[in-house]
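Here the structure comes first, spelled out in structure tokens, and everything after it is commentary.
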Amino acid sequence: MASLSSDEWRAICDKFTNAQNLTEVESRNDPENDPFRSKYKARELLREIYCSLKSFEVSEGEEDGGGESAGLRAAKLGAVEYYLGVNHVDTEELSAGQEHLMNCMKLLGRCSVSSENVSLFIHVRNQLGILWAGRDETETAQGFLETAESIYQHYMKEDGSPPTDMTEYFTTEEKLLTHQERTKRFELAYTHTMYYLAQVYKNLGQTERAATYCHSTLQRQLQLNQFNPMEWALNAATLSQYYITKGRYMEGRHCLSAATVISGLAGEVPSEATENERREQLRQKRAEIARCWIKYCLNLLQDAKKLLEDNIGELDTDRQDELKRARRGEEEEEEKGRKSALLFGSEDTFDSIASLEEKVRCLFPLDFTEARAVFLVGQNYVTQAKEYFQMDGYVTDHIEILQDHSALFRALAFFEEDLERRCKMHKRRVDMLEPICTDLNAQYYLMIRRQLMFELAETYSEMMDLKLTLANRQADTQSLDSHTIKKFNHLCSASAKYFQMFLDSLCSPEGKVPEHLEEEVLRPALVARFRVARLHSRLISSSPSVQLDNLNRSLENYKYVVQYCETHPEAATTVETELELSKEMVGLLPLKINRLKARMAANN
Amino acid sequence: VMSKNKGSESVKVVVRCRPLNRKEESNGPAGGIVQMDLRLGQVILRNPRASASEPQKTFTFDAVYDASSKQRDLYDESVRPLIDSALAGFNGTIFAYGQTGTGKTYTMQGVWLDPEKRGVIPNAFDHIFTHISRSQSDKQYLVRASYLEIYREEVRDLLDPNHGTARALELRESPDTGVYVRDLTSCVCKSIKEIEEVMNVGNQARAVGATDMNEHSSRSHALFLITVECSQPGPDGRKHIRVGRLNLVDLAGSERQAKTGVQGDRLKEAAKINLSLSALGNVISALADGRSGHVPYRDSKLTRLLQDSLGGNAKTVMVATLGPAPQHYEETLTTLRYANRAKNIQNQPRVNEDPKDALLREFQREIARLRAQLNHRKWRSKQKKEQVEGEGWERDGDEETEGEDEVEVEVEKEAQEYVKLEEQRLEREKEAIREDQFLLAEEKQRLLGEKERMMGDLRKEQEATEQLTAKYKAMESKLLVGGKNIIDHTNEQQKMLEMKRQEIAEQSRSEREMQQQMLVQDEETLELRETFTSLQQEVEAKTKKLKKLYAKLQCIKAEIQDVNDEHVRSRQELEQTQNELTRELKFKYLIIENFIPPEEKNKIMNRLTFDPEEDQWKFQPLVPAESHCVFFLCCRPRTSCFWSWT
């Protein structure tokens with residue numbers, strides 16, 4: 001401090017503190033009609049600081065060789081430029097802001113990275129990243145932020161000591177920060193770099209990279225203990241949904257386990273004041289996490305099913321054996337992956353996260369026992385989620401959970417070899433969905449009811465097929481006993497009933513069939529018609545007149561599918577197989593009907 | 001009548017344009033850019049910056065109202081049918097949509113004190129209560145009103161006295177009634193005056209809660225909800241309840257609405273970076289937005305509350321408001337395009353008959369219960385009286401009328417009489433005891449005390465009956481009976497006048513519809529007509545057709561021109577950029593040629609490699625073994641270059 005007396009220096013420090021205070025605290029109370037009053041005041045102060053430093057530099061330059069290094073002087077001047085830049089950006093003067101920030105870059109360009117200035121190196125690039133992203137120049141923003149990232153990594157590798165914070169440039173010695181505080185601020189700046197990069201990649205459409213950076217952001221929040229537990233947990237749980245839709249179950253499971261463990265931390269600090277409201281919120285968020293877990297289990301089961309399915313939707317045992325043989329390698333892979341993956345957790349949470357992960361596998365279940373284990377975990381979360389999302393008050397959510405539960409049963413049934421028990425699983429689905437479908441107000445829950453009707457129809461139809469296979473196995477073919485026939489007919493008509501209900505829900509209040517089907521119901525509606533036709537032709541009856549009735553109704557529905565596709569050619573592509581079969585049946589059924597009629601006439 | 005037969009009906013969209021204000025008039029001679037054809041329901045928009053030959057943009061709506069239109073016209077033609085159907089048990093919604101300052105509030109509220117300038121809301125109030133007062137006396141009505149606003153995704157009850165401090169309300173769902181707002185205040189209104197009062201209270205709460213009214217109102221949506229329950233004996237003799245719900249919605253200014261979208265589009269921001277880490281959730285949920293996952297963030301509150309009105313169970317009228325000033329061309333065009341799209345939303349309105357949650361039913365039950373209690377008391381008092389009569393104290397020979405309406409009067413009278421009698425009896429007994437010389441003094445005292453107690457009991461009973469009666473009366477007063485509770489001051493002539501006015505409105509509406517249809521059919525017939533009686537006719541017809549097609553052609557050409565212009569503009573921009581870049585490049589070359597010796601240049605060139613991953617040129621490290629420096633911040637020419645040049 002050769003030419004700058006300590007008094008002068010103290011004045012500069014005071015001005016700086018003042019400017020910081022104006023920017024961060026006072027500005028919040030600025031009136032609406034003068035929203036940047038405090039920021040403008042802060043700007044003036046910063047300008048004054050800049051001038052003092054500048055004049056000091058000139059005099060210093062003549063003397064040459066003062067107390068502090070030229071590098072630190074440049075950094076200080078750069079910091080003022082940085083604050084001026086941020087100030088201009090905040091007050092919506094972007095080009096001026098950019099100029100100041102670039103001045104800062106220029107000043108820093110003369111120095112090499114050191115613990116004295118690395119913080120500024122990163123901050124200024126963060127700000128430039130924000131600035132350019134705001135102008136839709138995402139690539140430019142990306143450039144700045146990625147440089148910030150590599151500067152951080154390089155610094156941590158080469159040096160790693162707690163760097164000076166920019167505010168320290170303008171504090172008197174007694175107010176310097178502790179090492180801990182320095183590290184905290186520096187790391188937070190880098191967390192922001194990660195976070196901004198996540199957004200930049202998202203805007204560039206690079207979802208995978210974006211997810212990785214979101215993941216890193218979460219990880220860093222946790223490590224540095226800068227997070228709100230519930231918010232963090234919900235974010236981690238949401239991120240898991242990204243992973244599971246990409247088939248990355250290990251990462252998904254890790255996110256979910258961490259979410260559950262961290263959300264537990266939130267419950268340990270209940271505040272007295274808003275006790276009730278807060279508890280309610282905690283309950284809701286935990287239920288949301290449970291729902292994310294349900295999706296994990298469901299997707300895992302469904303993906304495994306897709307992998308093991310043959311072309312008629314049954315378990316392909318060859319494929320099963322093949323996959324089981326490949327399993328060993330996969331397990332090793334998992335172990336390796338687990339070591340290299342981005343792991344969450346601090347010392348005290350690490351173990352609980354890991355033990356939670358062990359409760360459910362992230363490899364595809366290959367047989368019933370493995371599938372059942374996944375199913376049970378999912379079912380457990382169904383119970384948890386339903387505790388909060390009750391029917392009364394959360395109709396849509398509650399039903400979505402029930403639909404997931406039903407889907408869990410459906411996926412599990414695929415792995416079940418015992419047909420009797422498989423049938424019982426489908427019965428459970430019917431039992432949970434049927435009462436709701438009838439209770440819901442048809443006006444307000446049209447969409448949900450349609451989904452439920454369709455699912456119920458399909459479930460009954462599946463049960464019917466199972467019963468038939470069972471009966472055929474036991475008895476000689478063609479000779480079903482009356483009890484089985486009764487059961488079969490019951491299931492068959494129940495399925496047809498729900499398909500018909502679905503179709504009726506598409507009609508106008510006066511019961512008119514719509515001439516044009518909306519796009520989102522086009523396929524379901526035509527498929528339902530096709531299925532109704534099929535079901536009617538399968539009903540077993542000894543009375544020829546009832547048979548005739550059923551066949552006629554069947555023909556009617558097949559005809560509808562064919563005719564609709566004729567008048568609406570664009571529909572044909574959505575129901576190719578069904579249309580082909582319908583066309584065939586429209587040709588064949590009349591023959592059958594005529595034969596039956598002839599037989600009836602002959603008998604009379 | 002026609003629309004009621006159809007199962008689904010589109011959202012009705014009407015457009016209204018406010019007059020130029022003085023400031024805009026003085027701005028230039030250009031005048032308005034909006035022209036309206038009231039007969040055809042068309043809006044013709046002129047681009048103030050385009051040449052005169054460019055065809056104007058035309059939009060067709062259910063109705064249009066120009067600067068000279070009256071509030072009454074808009075109400076009678078476009079809103080009245082909706083209110084009528086709400087009274088018949090449908091759900092109805094009216095939206096006002098448009099840029100701030102185009103007259104949304106004037107259209108919805110208007111000037112309350114001036115009958116000519118009253119807006120949709122006061123006219124609707126008037127309409128509802130007039131309807132009730134003129135309906136059959138076998139109908140019972142219950143009218144309730146709620147008022148809420150949605151500001152920054154929080155639902156606030158404007159009728160809550162602690163509006164400012166109360167916490168945000170939650171949306172809930174019930175299996176019977178769908179989405180509702182939990183704990184929302186709902187006021188029973190018995191007259192226009194009362195419902196206006198409710199509206200005023202809410203408006204004040206809205207103004208008080210906001211620090212900056214303009215900013216606030218352009219960002220908050222206000223919803224005034226009216227529920228009209230009507231009970232009427234059906235042919236089966238049982239009482240049937242129909243519930244009509246009416247939502248009057250003042251949307252936030254369209255300049256912001258266009259971005260958020262009423263149809264539930266997620267808020268689409270520019271590529272702006274969110275600075276606060278608290279928004280990390282938004283970033284993540286945007287990534288996880290998939291069909292098979294669960295994303296724990298919900299739709300906007302407005303969308304959930306009005307999901308019935310947009311593609312659901314409601315009849316919906318949307319009033320889009322425009323400003324005619326040339327400087328608002330872009331906004332006006334956006335509003336018109338948005339309104340045009342809204343026409344395609346299909347609703348499936350159904351009558352809400354006998355819903356389980358009807359409050360009217362609850363009221364009727366409560367009243368019946370109270371009445372039963374009163375009757376019971378009456379019966380008891382009668383019995384006691386008969387006992388008394390049996391003892392022969394006094395005869396009273398009046399007969400009861402069982403008419404239910406007079407029940408309370410009856411009971412009161414009865415009770416008073418009974419009390420009087422009892423009191424007299426007790427007094428006499430007391431007298432008798434006192435006069436009885438043979439009784440011991442103690443015994444006397446005891447008997448007297450007993451009698452006193454009996455008197456007290458009697459009084460208590462009387463009080464209870466009075467309370468019950470009061471409660472009963474209060475309950476019943478909330479119900480409005482058709483043609484009874486509200487005195488209709490209008491005389492027959494006025495009624496006739498109103499009827500006529502409605503007829504006229506109906507007429508003009510159907511006329512417009514017919515005109516629009518005619519226009520369409522005209523074109524069709526022209527194409528169909530192929531046989532001509534004479535050459536002359538053929539020439540005429542073909543000329544006409546040619547003219548039509550020519551106009552169409554011009555329109556399409558203009559569209560093409562628009563697109564072309566845009567392309568040309570962007571091409572010019574690109575060219576300019578290219579020129580700049582070329583200039584810069586030349587400049588750089590010049591520097592290189594003049595300042596950097598060729599051998600230096602070659603050295604540098606050899607060190608340059610293209611890094612395809614980062615999409616930029618990079619220097620290879622001078623000494624490979626050295627720790628590679630990733631960040632080259634800037635490259636300054638070496639001073640040695642200067643030496644060699646000089």
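Every residue gets a Cβ built from N, Cα and C, even glycine.
From a predicted model like this one, the values you see are computed outputs, not experimental measurements.
TrEMBL lists B:Gly98, B:Gln99, B:Thr100, B:Gly101, B:Thr102, B:Gly103, B:Lys104, B:Thr105 with the feature ATP binding site. Residue environment of B:Thr102 (ATP binding site) contains 26 other Cβ atoms, counted within 10 Å of its Cβ in all protein chains.
Feature annotation from TrEMBL assigns compositional bias 'Basic and acidic residues' to B:384-395.
Positions annotated as compositional bias 'Acidic residues' by TrEMBL: B:396-409.
The domain 'Kinesin motor' annotation in TrEMBL covers B:10-345. Confidence in the domain 'Kinesin motor' (B:10-345), given as mean pLDDT, stands at 79.
Taken from TrEMBL, the feature region 'Disordered' applies to B:378-411.
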Cβ-Cβ distance under 8 Å to B:Gly101 (ATP binding site), same chain, at least six residues away: B:Gly323
B:Gly103 (ATP binding site) CB neighbourhood, other CB atoms within 10 A: 21
For B:Gly103 (ATP binding site), the three-state class that DSSP assigns: coil
Number of Cβ atoms other than its own within 10 Å, given for B:Thr105 (ATP binding site): 17
Of B:Gln99, B:Thr100 (the binding-site residues), the residue whose Cβ has the fewest other Cβ atoms within 10 Å: B:Thr100
Site of maximum Cβ density within 10 Å, from binding-site residues B:Gly98, B:Lys104: B:Gly98
